[in-house]
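Read the structure below first, then the notes.
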Amino acid sequence: MSVIDLSPFNAILTRLEGVAERLERGAASAPSQGATANGSGAAPAAAAPAADDCAIAVAFDAFIQEKLPPLTAAAKDVGNQDVIEATDFFADGMGLLRELLAATGVCAKPQDTAWQKILGAVMELGTKAQKACDNRSECFQNRKSAAEALNVITLVTSLSPPAHVQNVLESMDFYATKVMQKKNEKETVWIKALKTAVKDLKDWCGENCKLGVMWNPRGKVAADYFAENPLGSGGKASAASEPKGKGKGKGPAMPKGGLAAPPPELLAKMKPEAGSAAPAAAGMSAVFAGIVKYYSTADAMKAIFLGSYLNVLLPLTPLGIAAPRLGWSDEAVFCLNFFAILPLAQMLGQATEHLSSSVGETLGGLLNASFGNAVEMLLSIFALQEGLVGVVQGSLLGSILSNLLLVLGMCFFFGGIKFHNQKYNADGARVQSNLLLLSVLAMVIPSLVALGDERSSQLDTLYLSRGAACLLGVMYALYLIFQLKTHPDYFTSESAEEDDEEHMTPLLATVLLVAVTLIVALASEGLVGSVQGISKNQGISEHFIGVILLPIVGNAAEHLTA
């Protein structure tokens, strides 16, 4: 796979930025030169162009003047404080974007390492808007739509919307659809105004910032400039405010293709070749497209070993693994490994979650699907090796009942304590309910055939059971494609928030995942190996162990989360 070297074009873009800067200076000084030619006296000394003189910022003033008034008017017409505050968040975001555009005229392009500090106010605003969504009021979808809309600020520096921004737009559409489904006329007008503003901002960026905004190559160091003039210090852009540039009305129209846009032949040369890798996002796009805050090594160790109350059981792990080799009783082996697997299952889920956040949605979904049930799979494998078919059958039934009744019931109970009304994604629940029905039928039909048809042999039942198992495997693969590729919006939780938590590094998460899986395998082997002994010695049915006890071990992390 070839990779395009964009270094030759960087020099060209730098020169183009210089040309743009000179054109702006010439436009600013033109009236003074005209006055001198007409004999009105000596021309005053040309002042250095201020940020407000930047043509792209003045053009953005025109955009704000056109798009914000309908939105704020619609919010006031709704008359709901949640909607008004959500609109204010969006207006504040546009104000921060305006300040950023204005700064391009007086400072040089920031280093990639400086973006996160520069955009601190933007991130803080986004976090504040998402935090406001915690209040699950009747206008939750309205707040969520505006909060998601804030992230389109990344469009300014993108040649085309990165995947992260596209996901944001899809997420906003999801919540906007929920708002319109309420069939409230005033709220529908408001959400349509918001969607129009976001769509037009995307188009505006495509027209005026095809290659990202052009910075002043001879300007101040960006880090120093923003240290003196942090974003948010210039006031918010409101519908009632006048444009901050010197132009009046809508300001000067931007040239087609944006300020100092490269010629078409240069754009053609910069298009990636077929099969080549797309250039990595840079600057602010890189910051937003892939902001992942990682733990330091010390913090990662704390998160691993002190992140859950279940970790107090970790000292039992070496004892449980060593117990069968030391000839301890089956009761001791079973109890030690039973309690040792509980924190290990929690750590396995934690490692899978952190690794999934670093590898993308598709691969992350596959990881969650595979390792999310790793403990149950290992227990079943070792039980089959011991010939404990009844235990495996019981664990399957127990796992289904545990998730359907215990985990779901705990979610309803504890969720109802905190929230008066709880909502869920009906589309995703409908799909999963249909899959559950299919799974139940696949397990029940072979048993019904064996019980109802005296002529059927055990071999016939076996063939039917294996056919059902193959069908379930195919359906599960199709379900993963449906969930991860074709219809991911069906499984978007309405209460899902932007992930602003810290993560383990991919390397650390991988090492933890592999290590914990191996330890779980050893503990599972000891646990299953003691089932027959404890069943015989204590008179406990193997079916009871399979239906009740083993699902508790396999679903410990889900139970704790619920």
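Along the chain as shown, the residues are counted starting at 1.
Glycine is no exception: its Cβ is also placed from the backbone N, Cα and C atoms.
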Annotated range (TrEMBL: transmembrane segment) out of 49-69, 301-321: 301-321
Please figure out which one of 363-384, 435-451, 463-484 racks up the most CB pairs under 8 Å against the transmembrane segment (504-528). 363-384
Are there residues at least six beyond either end of the transmembrane segment (301-321) with Cβ under 8 Å to its Cβ atoms? List them, or say none. 295, 333, 336-337, 339-340, 342-344, 346-347, 350, 502, 504, 512, 519, 522-523, 526-527, 556, 560
Remote residues contacting the transmembrane segment (396-415) - C-beta distance under 8 A, at least 6 residues beyond either end: 376, 380, 422, 436, 439-440, 443, 546-548, 550-552, 554-555, 558-559, 562
